[in-house]
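Feature annotations, reproduced from Swiss-Prot:
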DISULFID  Cys102-Cys199  disulfide bond
ACT_SITE  Cys102  active site, nucleophile
SITE      His128  site 'Interaction with tRNA'
ACT_SITE  Cys199  active site, cysteine persulfide intermediate
SITE      Gln344  site 'Interaction with tRNA'
Amino acid sequence: MSETAKKVIVGMSGGVDSSVSAWLLQQQGYQVEGLFMKNWEEDDGEEYCTAAADLADAQAVCDKLGIELHTVNFAAEYWDNVFELFLAEYKAGRTPNPDILCNKEIKFKAFLEFAAEDLGADYIATGHYVRRADVDGKSRLLRGLDSNKDQSYFLYTLSHEQIAQSLFPVGELEKPQVRKIAEDLGLVTAKKKDSTGICFIGERKFREFLGRYLPAQPGKIITVDGDEIGEHQGLMYHTLGQRKGLGIGGTKEGTEEPWYVVDKDVENNILIVAQGHEHPRLMSVGLIAQQLHWVDREPFTGTMRCTVKTRYRQTDIPCTVKALDDDRIEVIFDEPVAAVTPGQSAVFYNGEVCLGGGIIEQRLPLPI
């Protein structure tokens, strides 16, 4: 069997990126089939409509391309391995990233295993904007060619073995090119907007959705000087650096500068705010990260110079990383950084190569 006749199962989401990925792989001579994953049991009509519409779009694309579409239900795995952890993090006052967890537990674990074992796949493929490069017998994860759409931040937990079994066709293209291909092919997904909701749960009203699973506890909003200036509806609805949705204006004595969340006192259920997006209380000189995943799976010891992102779409921050023990590192930024948020991920890069990352355990505040 030639390399190009190998079987690839494409994770079809009903979006434009996975649609074009399937076509690109066909052009490269692979034997292509699609798989639609259902990872959330509908609990309302709106969600049912979204999932049903996505499945219909995925089916329409597969019909157009002449490929088979399989479906699988990973709702139990999603609930146990993604959603419960997501809720636990929010309950603890942290801000998790469900997309990273979802890629780790569902797309590149449950899907990868199902495709290989049940469907006889040689590879899986997704519509992620990342690239892979094989160097010295190990697969590396590279940023997507379209720097505006690069999704390597969300895939840092993957091992070189998982990357070796995965193909990322649109990672070599820019988004407008992908849409143009879909339009030229007459695919129903060509003009479909990118999804921005929680991984697999969709674009629902987040506050209302979270409130179904975690009872909100209203509490005080106080300034860094200790003045009470309002009430929050639940700490879980707020994250460091947040400006919108606080329901407070400028103070009489102060400026009209907007208020930002600078800290959360989880024990006392207090939200702490300050004025100005570069208030010293919002700045960090570094962070401690844990639950580390290095793509090459080699243990990290000593120190290294690299760049880091503490949130998606952030400009790379030059930093020095130092191993504290097997599963914790200290990261010191070259310049202070705003809104470093516990629960989010710190992801490290050496140029185009994504080295891996970890969960931000604590930030190292700017000494005041």
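Just so you know, glycine gets a Cβ as well, placed from its N, Cα and C.
Here the features listed in Swiss-Prot are placed on the structure.
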{"residue": "Cys102", "record": "disulfide bond", "DSSP (3 states)": "helix"}
{"residue": "His128", "record": "site 'Interaction with tRNA'", "DSSP (3 states)": "coil"}
{"residue": "Gln344", "record": "site 'Interaction with tRNA'", "DSSP (3 states)": "coil"}
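All protein chains considered, the CB of Gln344 (site 'Interaction with tRNA') has 24 other CB atoms within 10 Å. When the Cα atoms are compared, His128 (site 'Interaction with tRNA') and Gln344 (site 'Interaction with tRNA') turn out to be 20 Å apart. Other C-beta atoms found within 10 angstroms of the C-beta of Cys102 (disulfide bond) number 24, with every protein chain shown included. The two recorded residues, Gln344 (site 'Interaction with tRNA') and Cys102 (disulfide bond), have Cα atoms 14 Å apart.
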